[in-house]
Ligand SMILES: NC(=[NH2+])NCCC[C@H](N)C(=O)O
Ligand SMILES: [Mn+2]
Ligand SMILES: [Mn+2]
């Protein structure tokens with residue numbers, strides 16, 4: 001991260017953007033797995049917010065086949081955007097814990113309020129570039145990056161005003177290995193830089209990350225947000241997630257990515273999403289999340 005010492009941890013216990021329940025318990029699992037101790041041992045002052053900033057979203061039953069639970073996702077997004085914007089405005093480093101990946105609709109909207117040239121590093125097995133027209137599932141966690149880029153339902157795209165929040169030349173994807181047809185089209189037509197698992201296999205994580213970070217460093221960003229979907233990591237290491245895809249990042253590749261991100265000193269915010277403790281007994285996925293956050297913050301072997 002940049003020279004901002006105070007870390008503001010914002011839990012988003014929400015999973016109505018996913019196809020099943022459980023990711024709402026991700027933040028508690030990550031805290032339970034030792035995140036506060038990790039931040040302390042690395043010497044960062046931090047505050048751990050309660051989830052009380054979220055209004056009563058349970059009872060907004062508005063939904064459709066193309067945007068399941070959109071009423072709840074919209075209410076959550078508004079609350080998360082406001083909370084994230086406030087943390088950013090206070091000069092703290094926002095560290096957001098998901099929750100399913102639909103929470104990025106809110107985090108990106110909140111960050112974009114002060115940062116019109118926000119860069120985003122999206123580490124994920126997926127691209128989350130679907131729209132209500134292209135989604136195969138109707139799950140909004142597969143549409144969050146699209147919303148940031150100005151694609152999809154106007155209520156999400158224009159959350160808290162200006163749209164789009166993100167520009168394709170400041171958006172970099174890493175770890176992709178399961179893209180839907182409409183998403184491929186969007187990546188091609190917008191010219192988004194997408195480093196797939198194929199690229200990582202051939203060139204190695206180190207070279208891929210160097211290029212990715214160079215793109216963001218050279219893109220005139222006024223901030224860089226890391227959106228880390230734990231399903232980017234291979235399901236052997238990260239089984240507790242809703243949409244696992246074989247052939248993911250190894251444990252070491254994931255750590256190396258985080259270490260290189262730290263060394264580049266460009267991050268101004270980060271989120272870690274899609275940990276679903278319901279899907280495993282071991283707790284190893286939440287533990288991995290804590291370790292990866294450690295590497296992101298400068299922990300070395
Ligand atoms: N954040 C995630 N885990 N997204 C998974 C998306 C899966 C699929 N592309 C869909 O739109 O439904
Ligand atoms: Mn995702
Ligand atoms: Mn994913």
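Positions of Cβ are set from backbone N, Cα and C atoms, glycine also.
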Which of 101, 255 belongs with 128, 229, 231 in the Mn(2+) 1 site listed by TrEMBL: 101
Additional residues around Mn(2+) 1, ordered along the sequence, whose Cβ is within 8 Å of the centroid of 101, 128, 229, 231: 100, 124, 125, 126, 141, 142, 144, 227, 232, 243, 273, 274
Cβ under 6 Å from ligand 3: qualifying binding-site residues of 124, 126, 128, 229, 231: 124, 126, 229, 231
Least buried by Cβ count (within 10 Å) of the binding-site residues 101, 126: 126
In the chain carrying residue 124 (Mn(2+) 2 binding site), residues 6 or more apart in sequence that have Cβ under 8 angstroms from it: 101, 173, 174, 175, 176, 227, 228, 229, 231, 232
